[in-house]
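Visitor: First the structure, which I've put down as structure tokens, then a few questions once you've had a look.
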């Protein structure tokens, strides 16, 4: 699950996202440590080396840190909860990632070890400034500058501007002329010629460049759409699924779209609520016929999924509410059709019948629907009792009596009676 990079922004459509931190505690006793499993992904979203936030945790917690770059293992000694580290990460983002002006995380760090300064530039608003180097992490950053923040970054830009300025003043530079040597205090980039030949989309207006830009933008937009859909609320995702199913029906291809519909529901992470959408789109007053027609569609959602079956029952209530006059008396038959089609299990139906909910229809209608369903519910319970009773009888029939030769025989003692008349003479019998 992803969260906003700037968690003070509650907008769900905020474009800057990062994965939620995952922490795993390993070891025991003095060797206990917390491995931040997805630190590489988090750091990538922040445009910072993964060692920076890990070291920041160590500075804030007063704990030692370990970096295994080859195996992507970033460790903080001690046992620490993921939520605690996530809150602590907000402090790192505020100090070392967000722009002080626009509060967007589109910043780059520019480290100058000689001057012991860390510059900060924002690509969103153009802000340029210096970071406060009093934090302990700054010492680590000065010793380990980010790869994209070499000292010559600003100088490269200056050299590029100088070259462009000279081109404007002197026209195009001829190949026979030797370019002027760089100033003694600056180091010319080793691939300056290659940099000049890089594509600059801001200046290239050819049809090929425009087409290439549009292709990349469209591909990127598709990826954003897929990820953005999962960031929406459940209600919004259900509405997307509803529009998808409705479109299939309007196009006349709903009968063969059962696999596509369940795949879309899984993509939107609302598979259990699929039957609720299907009932609204596919069912009307002819529901008994439609259950048979669209059985395969519902079975893909309801098979061995009790939650989906409950949503199917709630969907049925909604259909009855829309066609109450035609369907209210047919409730037992409709439930029997769904039961026979293996869309509903006994346990789910009985549980649903025991409590009326006003979440989808009025409380009065929910109660009335359950009253009308009583004959079928009663039949279900009786059938269940009969089946359980039959099983007990079968068990009794299958019991095998085993006689033991070593079993002890109880000893019978004769009791003498005081009444002599009651004595029986065995010889006289």
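Cβ atoms are placed via backbone N, Cα and C, with glycine included.
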Visitor: Based on what Swiss-Prot says, identify which of 176, 387 is the phosphoserine one.
Guide: 387
Visitor: Out of 172, 218, 227, which residue gets the phosphoserine annotation in Swiss-Prot?
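Guide: According to Swiss-Prot, the phosphoserine annotation belongs to 227.
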Visitor: So which of 174, 388 shows up as phosphoserine in Swiss-Prot?
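Guide: Of the listed residues, Swiss-Prot records phosphoserine for 388.
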Visitor: Taking the centroid of the Cβ atoms of 27, 28, 29, 30, 31, 32, 33, 34 as the GTP site, which other residues of that chain lie with their Cβ within 8 Å of it, listed in sequence order?
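Guide: So the extra residues in range turn out to be 26, 77, 78, 79.
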Visitor: Indicate the candidate from 27, 29, 31 with the smallest number of other Cβ atoms within 10 Å of its Cβ, considering only these binding-site residues.
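Guide: Comparing Cβ neighbour counts within 10 Å for the binding-site residues 27, 29, 31 gives 29.
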Visitor: Cα of residue 32 (GTP binding site) to Cα of residue 10 (phosphoserine): how many Å, rounded?
Guide: 35
Visitor: Using a 10 Å radius around each Cβ and counting other Cβ atoms from all shown chains, which of the recorded positions 10, 34 yields the largest count?
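Guide: The residue with the densest Cβ neighbourhood is 34.
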Visitor: At the Cα level, what's the spacing in Å between residue 30 (GTP binding site) and residue 10 (phosphoserine), rounded?
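Guide: Between the Cα atoms of residue 30 (GTP binding site) and residue 10 (phosphoserine), the distance comes to 40 Å.
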Visitor: Using all protein chains in view, find how many other C-beta atoms are within 10 Å of the C-beta of residue 33 (GTP binding site).
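Guide: Other Cβ atoms found within 10 Å: 19.
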Visitor: DSSP secondary structure for residue 34 (GTP binding site), reduced to helix/strand/coil, please.
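Guide: Its secondary structure by DSSP: strand.
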